[in-house]
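See below for the structure under consideration.
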């Protein structure tokens, strides 16, 4: 497909409009999450429009969503080592290598969460939501597992805090779970996201494709 590439996932807040905002906008500005979700949705719609041949949203399936995620990989900032790389399994390699850059699992997971919510907010039915398709969940899990092996990063579930637990134990747990990412984060996003990086709150793809 001949598409004008969007910039990589960006965590910057939405830019302010040069025009004077309406009273409603001035009193109730969109949150950062809502701004990201709107840009992500517009970007996906533009992607479908530029698809060869153009693809109607009603005919979009989980396979098309996966195609979109793979398309975004070319704008990733996270180094993912291939099997033959001497730094395979190293989270912080001592020297550069020629392995490709990809979108981090957390960024894709958070993006899917925002698009899944946007689909239903724009009239889509939950049972036909392509962003919640089983194939998409399997793809994200495979990306998570492959990136964990390639970069030597253990993804662990957060432990529930016990009532009266010591502050030092909580801090130690958080330190053990923290992961330094090469670019676009790694953890589950809020607001219905499924997972690469909610802690870093990866921003959506902008709507310019």
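Each Cβ is built from the backbone N, Cα and C atoms, and glycine gets one as well.
What TrEMBL records for this protein:
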- 1-10: compositional bias 'Pro residues' (COMPBIAS)
- 1-35: region 'Disordered' (REGION)
- 11-27: compositional bias 'Low complexity' (COMPBIAS)
- 32-159: domain 'ALOG' (DOMAIN)
- 150-209: region 'Disordered' (REGION)
- 164-176: compositional bias 'Low complexity' (COMPBIAS)
- 185-194: compositional bias 'Gly residues' (COMPBIAS)
- 195-209: compositional bias 'Polar residues' (COMPBIAS)
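Taken as a whole, the domain 'ALOG' (32-159) shows an average pLDDT of 91 in this prediction. The DSSP breakdown of the domain 'ALOG' (32-159) into helical (H, G, I), extended (E, B) and coil residues amounts to 77 helix, 4 strand, 47 coil.
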